[in-house]
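**Q** Structure incoming, see below.
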């Protein structure tokens, strides 16, 4: 075992951090791994950069497309009197997970492919991006979700309200606490996967061939939906819940709406704490 610790140290420091989400640490750069400095809390200079606005537009378009496809899928399942004649719950889960996989892959190099205020919040806590950028992303994500749901309503004018509009609510037989818990744990799974799949140091340390980051992220979304669709319809994304609720705009959709913000933000915070303090052993600065 002599020299093993040195091999591990060199393997863990072979690659640099800072690669975009969705790209593996496969560079042949032999320079030591260096932990990047935390992102500044406020970065006014970003406001004069085109790349800043380009990233926000990418988040808007990605969240728009995400809501368009997923809400239409949900409504198609609800519309059918027999779930056996539709894609069913599994199909809904695949629609959500598959769209996240595709959209993260498409936008990773531009904005980081967040497409979710909870993901943005978790990365903000870990100081992976500035507060300026985080607020801008969340605004653009919410606007994209609202527009995506609105386009679906435009296509389904006569059936949108009767089919529920894809809005998240706590299902009958479950308490608000049950719904909150499901959203916390589900978002924890998602955000923890995001941190792990995009950890450049882990990719440098591990001997296996790194997996394309959008794949485990999309698969995590798929699995969480399988587990929690019967409880809350699965939010784990405040923008998705807001867009559907605002366009559907029925009282019962707003009764539990706070759950779909509080739950994901708590889950994201816990995932950030766990990954930074336990997995990476990094102090919050």
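The backbone N, Cα and C atoms fix where each Cβ goes, glycine too.
Okay, these came from TrEMBL:
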type: COMPBIAS; residues: 1-17; note: compositional bias 'Basic and acidic residues'
type: REGION; residues: 1-36; note: region 'Disordered'
type: TRANSMEM; residues: 57-79; note: transmembrane segment
type: TRANSMEM; residues: 91-114; note: transmembrane segment
type: TRANSMEM; residues: 134-152; note: transmembrane segment
type: TRANSMEM; residues: 211-231; note: transmembrane segment
type: TRANSMEM; residues: 258-279; note: transmembrane segment
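Quick one: how deep are these features, and who are their neighbours?
**A** Long-range neighbours of the transmembrane segment (91-114) within the same chain, counting only residues 6 or more positions beyond its ends whose Cβ lies under 8 Å from a Cβ of the stretch, are 20-23, 54-56, 58-59, 61-62, 65-66, 69-70, 73-74, 77, 120, 123, 129, 137, 141, 212-215, 217-223, 225-226, 229, 234.
Long-range Cβ contacts of the transmembrane segment (258-279) within its own chain (Cβ-Cβ under 8 Å, at least 6 residues beyond either end) map to 116-119, 121-123, 125-126, 168, 170, 176, 179-188, 190-192, 194-196, 199, 232, 235-238, 241-242, 245.
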**Q** Under 8 Å between C-beta atoms and at least six residues away from its ends: which parts of the chain pack against the transmembrane segment (134-152)?
**A** 52, 55-57, 59-68, 71-72, 75, 111, 114-117, 120-121, 123-124, 160, 165-166, 238-240, 242-244, 246-248
**Q** Going along the chain, which residues at least six beyond the ends of the transmembrane segment (211-231) come within the CB cut-off of under 8 Å?
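**A** Apart from its flanks, the transmembrane segment (211-231) reaches 21-24, 89-90, 92-94, 96-102, 104-105, 108, 113, 170-171, 174, 178-179, 182-183, 186, 189-190, 193-194, 196-198.
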